Ligand code: GDP
């Protein structure tokens, strides 16, 4: 799963990306991350793993990860192929969701490309490039589909959806603001629209504004209003502070966060929200060798979850011995949980839940 970091020049994207890379997962486990300088692989923070590792006396803990992709180079007119515009748009096409960094700090020493700090103007500038690019694609598709639908009535639902999309995009709104039925949700996936991708706004603020989560920062208030109108989320971060935090060791980190009045870092908030935005959950495995979190899409059934570990386990799937993390943690040990009859034996139709601790049984 890959998230793309976008934003105008000088808003703090590289600073944020550097913080993410510093926080990066151990490179040895993810060799590709060191080859691609613009991809940062980060652990998804999960406090449950430490508890489980203690219960099982595990040698190591392996977090699950997500990837952030630094997408630089947006300029006005990108959708018309200006600057590195086309490259920029095709990079966005490859990601599952967008992290849009918006400048919400004043600093006369740092030039704003449009001359002043105005987060809503900035957001609209970028969103419009995505909308223009989608519009062009939808117009082409629509005229083709309309012709084909004359002889093939099966295409009528597609034509209808394309017309709705055309309307909403022409009104300057992103495709994701359109309400869709189940059939339309399936159809729209074929169009790979940029403005349909889920989005999180990151309001980049100065150090003074993080303790109260930007409540006294007017720019942040405006971004919050804008985002909530479209049903999107805002995370308040100081990219510079995050970068400093990531240079500290674990004990220093806790102290520094306390001084700032925070219970967790902005990066942790961003990573956890991104995970949720993508509809992802984790199931957990634990033993003396390792305790580990695995990523699945919400709604995944037990055999396909097993397939994340190894395709052989999916193929030979018999059952999944399952207990929720909370029940196991409360019991104190696997043996105690078993005695209480808390370990369920789930079959191939079981839909995995977030925090399920699982042992798969399978035929080899
Ligand atoms: P990018 O062009 O969006 O990648 O922006 P950069 O990350 O390179 O940041 C542009 C400039 O703004 C750099 O000089 C950063 O040090 C500075 N900067 C980034 N975040 C903050 C912040 O929260 N407050 C202030 N005052 N400066 C920041």
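For all residues, glycine too, the Cβ spot is worked out from N, Cα and C.
Not measured: the values here are computed from a predicted model.
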Residues flagged as coiled coil in TrEMBL, choosing from 100-127, 128-155, 156-183: 128-155
Structural state census, the domain 'TGS' (279-362) (DSSP three-state): 26 helix, 35 strand, 23 coil
Structural state of residue 10 (ATP binding site), classified by DSSP into three states: coil
Winner by Cβ contact number (other Cβ atoms within 10 Å) across the binding-site residues 10, 14: 14
Among 12, 15, the one of these binding-site residues whose Cβ has the fewest neighbouring Cβ atoms within 10 Å: 15
Neighbours of 10, 11, 12, 13, 14, 15 excl. site residues, C-beta within 8 Å of centre, ATP: 7, 9, 16, 101, 103, 204, 239
Chain-internal residues, separated by at least six, CB under 8 A from residue 11 (ATP binding site): 101, 102, 103, 122, 204
